[in-house]
């Protein structure tokens with residue numbers, strides 16, 4: 001094993017979619033005044049909510065049509081541009097280089113439709129700049145320095161089953177020995193030395209050369225899956241020299257005996273570790289494959305897109321009708337937003353028929369077996385029905401869990417859902433979730449788990465009470481037993497660092513933190529950004545990655561804001577939180593017993609005590625209506 005050291009002197013000094021047509025949109029009631037803009041139809045609001053002025057572009061519009069709970073900006077674009085202008089140039093890289101030059105205009109239209117239009121316009125701005133401005137990480141950011149200076153911990157690789165090595169990480173831990181390049185050496189050739197893992201952070205490991213004992217002066221961070229890390233014994237079999245670092249070269253006269261003593265009984269990487277890494281980074285999706293993807297401008301339908309490139313399992317999809325390939329969308333290959341060609345027709349989902357009558361040369365349909373499989377459900381007995389109420393994560397505002405309604409029941413367990421109080425008249429903002437989706441919850445989930453529930457827009461009877469609302473709307477809650485209550489042993493804990501996709505701008509992967517855990521639901525905070533940009537994400541989401549994933553796959557990582565910018569945000573964030581509290585919370589959280597006494601009006605319910613911010617992976621806590 002150590003023959004390589006003897007070779008060096010000790011005096012070293014250092015299917016075509018054309019058959020599928022889009023479902024016709026129901027005509028708007030003639031009593032509603034409408035306006036048209038860029039082919040989109042909107043209805044006017046009632047005008048009772050007052051006006052607001054965008055602090056970024058100065059546009060004046062109806063307050064309810066403005067973005068975010070604070071109503072300071074007319075769109076996502078203006079909100080983020082405003083934040084960016086108060087940060088250093090390093091933060092501007094997170095958005096795309098500099099604030100957009102064209103500000104989103106606000107029309108007097110229904111609130112959620114306004115949100116759709118703003119989001120579409122924001123995406124269009126990104127597309128127009130895509131050719132010249134790529135998402136590039138800020139120079140100088142180091143995960144190692146970031147973790148060391150703040151004593152952070154990172155989520156282990158085993159939390160991410162979809163990531164490379166996520167299912168075969170093994171027992172790699174602190175104390176494992178590896179062979180790495182010796183940078184403390186002045187030899188003209190590349191030489192190696194033994195190092196031990198001092199700390200793990202995702203794929204990254206803090207290494208210390210063997211022989212330095214408690215001296216951390218030359219500790220360094222390295223990606224365990226990188227090409228320069230090898231199991232002990234690799235140098236001997238590869239004919240590479242093992243040379244002790246210059247700083248400690250004088251400590252021992254017989255380094256071979258020293259290594260034999262230190263490495264006896266020590267763990268190292270499996271001999272085939274590099275092969276496993278390579279195999280886990282092979283992805284079945286290939287360029288030119290055709291898929292169906294949710295239309296980002298009309299969430300209620302899908303359209304055909306073509307895989308333009310694959311990076312780390314993430315797909316850049318380009319609209320098949322886009323001539324210049326700027327109309328794109330990023331998602332993971334296991335995303336629930338993509339499906340095989342023909343999926344929409346098979347379940348009764350709306351589909352945008354392509355103007356292209358036949359496949360372009362070289363394009364071919366992605367095989368159905370490549371897509372993430374959903375759990376089979378039995379809809380023969382008691383099942384979801386149109387009009388049932390539930391709670392759902394708003395796909396256009398992932399920081400909010402909202403009061404929602406099942407608008408249509410599709411085949412194979414899929415449901416079309418709308419956000420109460422914010423739906424477009426034509427249903428163009430309905431979105432599709434599977435019945436087993438971790439993004440939908442039974443009535444009362446937020447209350448039991450102490451999560452802020454967003455009531456229907458314009459609903460005046462606050463604090464919001466589900467049972468009052470159900471009586472007022474003459475509706476019923478979807479049965480609790482129909483929801484997915486499985487909670488895997490995910491391994492996440494509050495405070496863990498990771499790399500996460502900003503799902504409101506899915507081409508960006510950012511430095512992030514787990515700030516809350518509710519069973520399988522994670523609250524993801526983007527470091528350096530205000531809490532209103534937080535997102536609720538499932539623990540098994542393919543949009544979460546271990547620390548070091550971007551470095552391993554070559555994907556750009558968007559770093560957090562500098563400390564100075566965080567400090568400047570803190571005062572405004574406190575004011576915003578206060579405003580949020582006054583507007584949406586306004587009432588004391590009640591225990592399950594108080595809820596039972598106050599709300600049930602004679603109906604019998606049993607409760608399982610829920611826990612907020614729990615770090616255990618126990619079964620989910622819901623309240624369940626007892627059958628008579």
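Just so you know, glycine gets a Cβ as well, placed from its N, Cα and C.
Annotated features in TrEMBL:
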COMPBIAS  1-18  compositional bias 'Low complexity'
COMPBIAS  563-573  compositional bias 'Low complexity'
COMPBIAS  609-620  compositional bias 'Polar residues'
DOMAIN    45-80  domain 'FCS-type'
REGION    1-31  region 'Disordered'
REGION    558-592  region 'Disordered'
REGION    606-628  region 'Disordered'
REPEAT    141-245  repeat 'MBT'
REPEAT    253-349  repeat 'MBT'
REPEAT    351-456  repeat 'MBT'
REPEAT    464-560  repeat 'MBT'
Within the repeat 'MBT' (253-349), residues counted as helix, strand or coil by DSSP:
22 helix, 35 strand, 40 coil
PLDDT averaged over every residue in the repeat 'MBT' (351-456):
92
In the repeat 'MBT' (141-245), how many residues does DSSP assign to helix, to strand and to coil?
16 helix, 29 strand, 60 coil
Under DSSP, the repeat 'MBT' (464-560) has how many residues in helix, strand and coil?
18 helix, 30 strand, 49 coil
